[in-house]
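Record features (TrEMBL):
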type	residues	note
COMPBIAS	103-121	compositional bias 'Acidic residues'
COMPBIAS	582-593	compositional bias 'Basic and acidic residues'
DOMAIN	167-351	domain 'DH'
DOMAIN	383-495	domain 'PH'
DOMAIN	506-567	domain 'SH3'
REGION	1-34	region 'Disordered'
REGION	89-127	region 'Disordered'
REGION	582-604	region 'Disordered'
Amino acid sequence: MSWWKIPIQPHPGAKRTSESSSTPGNGATPEECPALADSPTTLTEALQTIHPIPADSWRNLIEQIGLLYQEYRDKSTLQEIETRRQLDAEIHTNAHGSPASEETPEEEEEEEEEEEEEDEPASPPERKALPQICLLSNPHSRFNLWQDLPEIQSSGVLEILQPEEIKLQEAMFELVTSEASYYKSLSLLVSHFMENERLKKILHPSEAHILFSNVLDVMAVSERFLLELERRMEENIVISDVCDIVYHYAANHFSVYITYVSNQTYQERTYKQLLQEKAAFRELIAQLELDPKCRGLPLSSFLILPFQRITRLKLLVQNILKRVEERSERECTALDAHKELEMVVKACNEGVRKMSRTEQMISIQKKMEFKIKSVPIISHSRWLLKQGELQQMSGPKTSRTLRTKKLFREIYLFLFNDLLVICRQIPGDKYQVFDSAPRGLLRVEELEDQGQTLANVFILRLLENADDREATYMLKATSQSEMKRWMTSLAPNRRTKFVSFTSRLLDCPQVQCVHPYVAQQPDELTLELADILNILEKTEDGWIFGERLHDQERGWFPSSMTEEILNPKIRSQNLKECFRVHKMDDPQRSQNKDRRKLGSRNRQ
């Protein structure tokens with residue numbers, strides 16, 4: 001059944017699309033956004049002169065989107081990376097006269113030889129090859145730009161609109177078409193996997209419930225959301241706005257995502273158990289994944305779709321927000337939508353963390369045996385930051401002592417957000433606790449280089465330990481990056497921990513993610529393609545401690561997953577865009593609150 005043929009009942013209080021056919025956005029008034037009181041803009045002229053597009057045109061476009069959401073999202077982010085990379089290279093070329101001006105003639109000759117052997121264009125210096133998806137070059141994939149549509153090409157609207165408005169149209173168009181691709185993938189998850197009769201017989205109802213959760217609710221919301229977006233686009237080939245629709249759904253309907261994502265910990269555990277313990281399940285899933293409809297994608301990539309979509313939706317609204325004119329109605333609406341989405345994403349993250357942290361704390365407490373006075377580990381406000389083995393150094397620091405193997409002894413650290421527990425590992429996968437201290441009473445100091453034996457050694461001071469006295473430990477890590485990571489986690493630099501946002505406007509080294517990375521430790525950061533990060537710390541053995549711009553999350557990640565953004569103008573622009581997205585002064589916030597109250601009264 002084609003999704004657009006399903007009739008939609010209007011939501012109580014929902015804004016009628018006809019009310020906004022000539023005015024983009026909703027909520028703010030010209031008095032609230034002074035820019036609206038100006039003379040008619042090119043956008044207003046375009047909306048008045050361009051006729052509505054036939055409904056069938058949009059429906060056919062949405063129907064023919066051949067990419068599953070996983071592919072659509074990857075293609076979009078790869079294009080974003082490549083665009084930023086090319087812009088960086090162009091400016092670098094203009095500044096230095098040649099993109100390879102810093103290379104020697106021998107290096108240029110080697111690159112030319114490699115180019116001939118591979119019959120491919122040489123990559124820019126120090127740039128790693130991007131992951132490729134075979135369907136990205138497929139002309140039948142229907143990954144279209146707004147300005148490439150025949151209706152747009154023949155309308156003459158491209159001659160009316162300013163370049164920035166065209167970029168804004170593309171940003172809004174991507175939000176709509178990506179939602180269509182997302183709905184296509186959700187439909188496949190339900191029809192091909194969840195509703196498979198053989199799978200229903202294999203799974204117990206409780207297992208099926210944990211595995212698929214409330215995906216039907218998520219799909220129903222996506223369907224209604226997509227139809228609202230489609231009706232907005234049918235009003236005019238120049239899209240007036242989409243963020244007002246996003247705001248309405250984020251505020252009133254996207255709570256289904258919180259329910260789904262909060263179940264992720266149990267979902268992943270159940271899925272792994274089913275693969276290991278039920279051969280019939282494992283064989284059937286493998287068979288279903290081979291179907292051409294799945295494009296070689298595993299079931300796990302479909303199960304994680306809602307979490308990926310709600311996060312991506314926030315980024316798409318950010319992209320729109322970067323393009324809209326400042327102090328305009330559309331900026332007010334985009335800020336509203338972004339704020340609501342940010343609240344949904346935070347609730348999703350908190351849901352996941354709460355479930356996983358509770359289980360983790362219970363597991364850790366079961367493994368601990370206290371040699372000292374027992375410390376209660378489980379607490380609703382406590383979570384694990386880092387754990388691992390280090391070498392404790394003991395004895396006088398003489399050259400003879402340093403040669404003995406007994407100089408170092410293994411200890412194991414559990415670092416929580418408010419507590420450090422120092423243990424020794426004992427048989428039976430247990431840990432004997434012999435010291436502890438509040439995290440706020442920890443101090444670290446890097447030991448000056450004193451030869452190979454003392455390499456990667458740092459000093460940890462407990463200002464008040466379990467015996468209410470000061471204690472000092474000399475600890476050796478296996479690498480420079482491990483030492484830096486422990487020092488950052490044990491006692492983060494307070495001068496940068498609470499740094500004001502405006503201070504980030506100063507030039508800071510930046511990287512963009514070109515290979516996705518999944519965090520392996522609590523102090524690491526999961527990276528998505530095209531993420532932009534400020535570099536806060538860098539080690540010689542290939543690790544970076546960075547802050548992601550779009551959500552200010554911090555953590556460690558391998559430098560090999562990223563490439564540096566070389567041009568300071570691009571870095572500055574990235575920071576300015578980030579500042580604009582996250583900056584909401586008090587008057588703006590008051591306006592948003594008043595508008596929400598007004599909208600609530602209207603719905604009532």
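Cβ atoms here come from the backbone N, Cα and C positions, even for glycine.
In the predicted model, the domain 'SH3' (506-567) has a mean pLDDT of 91.
Counting residues of the domain 'PH' (383-495) by DSSP class, helix then strand then coil, yields 23 helix, 53 strand, 37 coil. For the domain 'SH3' (506-567), DSSP puts the residue distribution at 3 helix, 29 strand, 30 coil.
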